[in-house]
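Take a look at the structure below.
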Amino acid sequence: MTSSARLLIVGPQGSGKGTQAARIAEALGIPTVSTGDVFRANIQAGTPLGEQVKAITAAGNLVSDELTGQIVRDRLSEADAAGGFLLDGYPRNIQQVGDLDAFLTERGESLDAVIELNVPRDESIARLALRAKEQGRTDDTDEAIAKRLSIYESETAPILDVYRERGIVDTIDGVGSLDEITARITDALSARGISRAATV
Ligand code: ADP
């Protein structure tokens, strides 16, 4: 039985990744570490970090690997992440995979599972259009969405191959009700011995 839950969720924009991340983390009793949420909170609060990344995120571009990596390392060094965490939005390219590996290896840790949330492109674009209307995220303009999806395909999707080689990827069908999708993920994790009972 795995006694830790160091997890990563990967999926295209509009896949419902953030929503599922929150549900899974809650079910397992581990914190979610979402780089997108950290940036949005800082932008909203008008912090120096927020000022630094505001224009970059609004255009749908990636923040630098150095800055993002530092934020993640700081967050993972907090006490509540010692027994496990669910990363959402990091790593997002091959360089970041290497940076995270180096950090975790230094701590004698490694990722236990990577959840790949699969959603057809048409479906994710439809969900993003709806979210743009409902939430008004500054990076949900047509241009920024196209940029983010294209970066996802060219830079983020390839990281899955690295993790696939390690045998830790679970590919989950992301079409269905929120509860169905959460159940698919928790079932896949249970099959790896990752469940709340095993992490507490
Ligand atoms: P989405 O997946 O819908 O694009 P996120 O909330 O994950 O949204 O990220 C929002 C923005 O924050 C990204 O477009 C990017 O500018 C920045 N960002 C988030 N994670 C990273 C990362 N790992 N590396 C670089 N930039 C990031």
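Placed from the backbone N, Cα and C atoms, the Cβ positions cover glycine too.
Look at TrEMBL and you will find GLY14, SER15, GLY16, LYS17, GLY18, THR19, ARG131, GLY176 tagged as ATP binding site. According to DSSP, THR19 (ATP binding site) is assigned to a helical segment.
Sequence-distant contacts of TYR90 (AMP binding site), defined as residues of its own chain at least six apart whose C-beta falls under 8 angstroms from its C-beta, comprise LEU8, VAL33, THR35, THR68, VAL72, GLN96, LEU100. For the recorded site, TYR90 (AMP binding site), the DSSP three-state label reads coil. The AMP binding site feature in TrEMBL is assigned to THR35, ARG40, ASN61, LEU62, VAL63, GLY89, TYR90, PRO91, ARG92, GLN96, ARG137, ARG148.
If you look up TrEMBL, you'll see 34-63 marked as region 'NMP'. Outside the region 'NMP' (34-63) by six or more residues, the chain places 18, 21, 71-72, 75, 87-90, 92-93, 137-139, 143-148, 151, 155 with a CB less than 8 A from a CB of the stretch.
Ranking the binding-site residues LYS17, ARG92, ARG131 by how many other Cβ atoms lie within 10 angstroms of each Cβ puts ARG131 at the bottom.
Ranking the binding-site residues THR35, ASN61 by other CB atoms within 10 A of the CB puts ASN61 at the bottom.
With DSSP states grouped into helix (H, G, I), strand (E, B) and coil, the region 'NMP' (34-63) comes out at 22 helix, 1 strand, 7 coil. Taking the Cα atom of each, ARG131 (ATP binding site) and VAL63 (AMP binding site) are about 22 angstrom apart. Once the Cα atoms of THR35, ARG40, ASN61, LEU62, VAL63, GLY89, TYR90, PRO91, ARG92, GLN96, ARG137, ARG148, the listed binders of AMP, are compared pairwise, the greatest separation found is 25 Å. Among the record's ATP binders, GLY14, SER15, GLY16, LYS17, GLY18, THR19, ARG131, GLY176, no two C-alpha atoms are more than 17 Å apart, and one pair sits at exactly that spread.
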